[in-house]
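Peer 1: Take a look at this one; I'll ask things after.
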Amino acid sequence: MTTLLTGARVLGGEVRDLAIEGGALVDPATVDRDAAETVDASGLVALPGLVDLHTHLRQPGGEQAETVATGVRAAAAGGYTCVFAMANTSPVADTPAVVEQVHRLGLEAGLATVRPIGAVSVGLAGERLADLGMLAGSAARVTVFSDDGHCVADAELMRRALEHAAALDAVIAQHAQDPALTRGAVMHESPLAAELGLTGWPSAAEASIVARDAMLAEAAGARLHVCHVSTVETVEVVRQAKARGIAITAEVTPHHLLLTEELVRGYDGRFKVNPPLRADRDVQALREALADGTIDIVATDHAPHAPEAKQTAFADAAFGMVGLETALGVVQQSMVETGLLDWAGVARVMSTAPAAIGREPGYDAPLAIGSPAHVVLVDPGARAVVEASSLKGRSANSPFLGVELPGRVLHVWHGGRRTVADGEVVTGGAA
Amino acid sequence: MTSARTVLGPDEIARALTRIAHEILEANHGPDGLVLLGIPTRGAYLAQRLADRLAEITGDDFSGRVGALDVTMHRDDLRATPTRASHPTRIPAAGIDDRVVVLVDDVLYSGRTIRAALDALADLGRPRAVRLAVLVDRGHRELPIRADSVGKNLPSARSEHVSILLDEVDGRDAVTIEGGAA
Amino acid sequence: MKHLLTAAMPRDEAVALLDLAEDMHQIQDREVKKLPALRGRTVVNLFFEDSTRTRSSFEIAGKWLSADVINVSGKGSSVSKGESLRDTGLTIAAMGVDGVVVRSGSSGAPTQLADWIGRPVVNAGDGTHEHPTQALLDAFALRRRIHGGAVRGRGLDGVRIAIVGDIAHSRVARSNALLLPALGAEVTVVGPPSLLPVAAADGTRLGVRAETSLDRVIAERPDALMLLRVQLERQAGRVAPSAGEYITGWSLTDERLARLGDAHIMHPGPMNRGLELSSRAADSDASTILEQVTAGVSVRMAVLYSLLASDHPSAVDGGTR
């Protein structure tokens, strides 16, 4: 079967047709237009399927908040065709059995590729290295290792992890948070935290770890990826490390591109996240760093939580926000509509670059003929208020509830298979 | 809305207070044991004026026998009205036990303020007797309460608004009435 | 006023509350300490954190206003068995109570409860955030000291007050740093550098001037010195200085007392004699410490009356929401 997408603004630029056949993009000139299913893409922007290097799917162990199946539904609705599932599940993804289970659940769900991330340390305890080689060699072919949720604080453990990862062509994704500097911390350290009587989280607790890890990565000749950069200081450290030629990449979350600590004023647990929402100067620096390439990618840190984990005292509430379904809209608002990034840039930071860091094939030539048909059609002119009831994942702990965001993901193809049609996730069992 | 009509001027108010002072003395067979407690805000000023007159008439010193009794906390309409501000209560040092307490207020209307005042008084001590003096009685009683001395009986419609203006608060002395059916 | 969550409020509102507290204060001289204003109202003291003195003060305040006062302790309650803060609040609200007084170890818990339960909420101290009735009673006691008998309608204009101690973790300091300046006072917070909260761009901390030297502040001859309770054992050696270091730098010793002049000496209690201040300082005529305790009941009566007497509280929606 052939599908013809007519009149799309490809990567936001040239208006042309796209054709999908047998799971790949083919030359529209060669297809039988009468026999093809046609989707009118006029006015829509065509992007490559989005890749999220930082998703918490919660399964196994956290099924009340999310499962692989519900998580990929949210991913598809947000325009994602590939998600990297974080290792902080229960049990932790530190054995081949766990990563292979997650991998298999992803294949069964079918709506997007699920790439399990392996733990750096056994049980995320930060004490003993997990069997990185066995994870890499498993059926889940792990290429990204992270203790996310916890920092690999022990410098020697980090050094050894980087050395092992280098040999495996894998990357260590560090959750940069010095635990000694952030005991009991629940929000950004600032005059506002002082006013609210909440324990603050100094910016230096992030930047200092990134600086250390950059030195370690350089010495090990390894690739280092910095999760959720949140401060102007960290941006500066990453910039200097890149200038030194260190193989460092960095991500920013959508919420850190748009939201500030001011939202914590009402003590609503929805706005509690790790790293915390920062000040306006940080938001501005993060946008500029994403635009100039200092920060390589946008990653959602999609972190579903059941309501009871959030509807409690702020200090006791769980960290994290769901983000798969709002990421593209937030990036449109904070980066495209501000003129900092064009749609080709969006394709780079949300698809090509994260796929390259995660060594996921098929994303290196976005929307090129011959590539796998991972395609998203977005209506950039649509605007909608985010409602809990419209979210497709299991949890609704979004900081954007009640907020109007631009852009609507109308159609998604994952390897040629339609996963979203007219804004609705196409259900129909396994691919 | 009709404009306010003055029913008592400064001279008439002064004469009414003098008459009330005489009535109080007459009913009490002299000044012994009298304590005047005005209900804030305007009743408190009227009590002070009455005390001044009693001092003039009798030659006694009344400065330690006049005070103010706030009834806000004893009102029965606290729930139904916006939060009411309170006023200080000032009880003469000698107290009210076994005294003849004259409650003084500006207007007697439903009687509910006086009911609250009687309750407030009961928490402060046990007077020998309680009397009531008001500048204006406008009728429409909702409780079995009657004043012992009245400056002026002013039959009014419920829809009308009676205002007591006193020099100490309002810059002039007057009783006015306004509103009502056109 | 719908809730009392913070001491941040307009001057008019603060003065009105203090004046109302003055009227309430009169009841302390009476034989019958009872006013019927809150008859038929039920107030729950929901204390997730032990505090006998604050709870007793609220309990007396409610009872003197004729409210039914129920004490619910966090310890041993369903909260410690994992019930969420929200469910606890909703459960209590469902019992038909008219108002909730909350003490919690979690900053912001009263604010959250106020959003959830639709009943007036009084913050009786939340974590390291605020303790607004403490600030009101401090202002009440100090206003009486400064102005003597003629306090009504007046603030604390030009009064210079230094708050000394663990400012970073003190809800008393926070609430006072909001309320006292609103009343016209000039507030300085003083403490070890590691116990001062984060500074704003203009160098102020909690919106007021900050100092690290108590001796420098005493040399300025403040009108009042407020000494906070210090709990060095919690963080000694890491965040806080040792007791010896604290006494050397920030205790109101006899020697400093001699240099203090006739400044009023305040302390929210309970005191650590010899640590925050010397016994001579605590027992001197300048000490307002017992007056503060007495003021507590009057101020809390004023707060409960303002929030609970009327079904239609005034539309004032400022700092007190």
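From the backbone N, Cα and C atoms, a Cβ is placed for every residue, glycine too.
TrEMBL entries are annotated by machine, without manual review.
Remember, predicted model here, so these are calculated numbers, not experimental data.
I grabbed these lines from TrEMBL:
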- A:Asp301: active site (ACT_SITE)
- A:His54, A:His56, A:Asp148, A:Asp301: Zn(2+) 1 binding site (BINDING)
- A:His56, A:Leu57, A:Arg58, A:Asn88, A:Asn274, A:His305, A:Phe319, A:Gly320: substrate binding site (BINDING)
- A:Asp148, A:His175, A:His228: Zn(2+) 2 binding site (BINDING)
- A:45-233: domain 'Dihydroorotase catalytic' (DOMAIN)
Peer 1: What number of additional C-beta atoms lies within 10 angstroms of the C-beta atom of A:His54 (Zn(2+) 1 binding site)?
Peer 2: 29
Peer 1: Express in Å, rounded to the nearest integer, the largest CA to CA distance found among the substrate-binding residues A:His56, A:Leu57, A:Arg58, A:Asn88, A:Asn274, A:His305, A:Phe319, A:Gly320 named in the record.
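Peer 2: Largest pairwise Cα separation, rounded: 17 Å.
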Peer 1: Can you tell me which recorded positions out of A:His54, A:His56, A:Asp148, A:His175, A:His228, A:Asp301 are within 10 A of A:Asn88 (substrate binding site) by Cα, answering none if there aren't any?
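Peer 2: Near A:Asn88 (substrate binding site) by Cα: A:His56, A:Asp148.
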Peer 1: Which residues does A:His56 (Zn(2+) 1 binding site) neighbour through Cβ under 8 Å, counting only same-chain ones at least six apart?
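Peer 2: The answer is A:Gly62, A:Glu66, A:Ala85, A:Met86, A:Asn88, A:Asp301, A:His302, A:Ala303, A:Pro304, A:Gly320.
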Peer 1: Would you mind reading off the Cα separation of A:His54 (Zn(2+) 1 binding site) from A:His228 (Zn(2+) 2 binding site), to the nearest angstrom?
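Peer 2: Their Cα atoms are separated by 9 Å.
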Peer 1: For the recorded Zn(2+) 1 site formed by A:His54, A:His56, A:Asp148, A:Asp301, name the remaining residues of the chain with Cβ within 8 Å of the site's Cβ center, in chain order.
Peer 2: A:Thr55, A:Met86, A:Ser146, A:Gly149, A:Cys227, A:His228, A:Ala299, A:Thr300, A:His302, A:Ala303
Peer 1: At 10 angstroms around each C-beta, which of the binding-site residues A:Arg58, A:His228 has the fewest other C-beta atoms nearby?
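Peer 2: Candidates: the binding-site residues A:Arg58, A:His228. Fewest Cβ atoms within 10 Å: A:His228.
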Peer 1: In terms of Cα spacing, which of the binding-site residues A:Leu57, A:Arg58, A:His305, A:Phe319 are within 10 angstroms of A:His228 (Zn(2+) 2 binding site)?
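Peer 2: So far as Cα distances go, none of the binding-site residues lies within 10 Å of A:His228 (Zn(2+) 2 binding site).
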Peer 1: Counting only other Cβ atoms and using a 10 Å cut-off, which of the recorded positions A:Asp301, A:Gly320 scores lowest?
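Peer 2: Each of the recorded positions A:Asp301, A:Gly320 was scored by Cβ atoms within 10 Å; lowest is A:Gly320.
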Peer 1: Excluding A:Asp148, A:His175, A:His228, which residues of the same chain place their Cβ within 8 Å of the centroid of the Cβ atoms of the recorded Zn(2+) 2 site?
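Peer 2: Those within range, site residues removed, are A:His54, A:Ser146, A:Gly149, A:Ala173, A:Gln174, A:Ala176, A:Gln177, A:Cys227, A:Asn274, A:Pro275, A:Asp301.
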Peer 1: Reduced to three states, what secondary structure does DSSP give A:His54 (Zn(2+) 1 binding site)?
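Peer 2: Assignment for A:His54 (Zn(2+) 1 binding site) reads strand.
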Peer 1: Taking every residue in the domain 'Dihydroorotase catalytic' (A:45-233), what is their average pLDDT?
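Peer 2: Summing pLDDT over the domain 'Dihydroorotase catalytic' (A:45-233) and dividing by its length gives 97.
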Peer 1: List the residues of the same chain that sit at least 6 positions away from A:Asp148 (Zn(2+) 1 binding site) in sequence and have their Cβ under 8 Å from its Cβ, in sequence order, or write 'none'.
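Peer 2: Listed in sequence order, they are A:His54, A:Met86, A:Ala87, A:Asn88, A:Ile117, A:Ala173, A:His175, A:Cys227.
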Peer 1: Measuring CB to CB from A:Leu57 (substrate binding site), give everything in the same chain under 8 Å that is also at least six residues away in sequence.
Peer 2: A:Glu66, A:Thr67, A:Val68, A:Gly71, A:Val72, A:Val83, A:Ala85, A:Met86, A:Thr89, A:Val102, A:Val114
Peer 1: Using Cβ atoms only, which residues of the same chain lie under 8 Å from A:Phe319 (substrate binding site) while being at least 6 residues apart in sequence?
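Peer 2: Once residues fewer than 6 apart are set aside, A:Phe319 (substrate binding site) is near A:Lys272, A:Val273, A:Asn274, A:Ala303.
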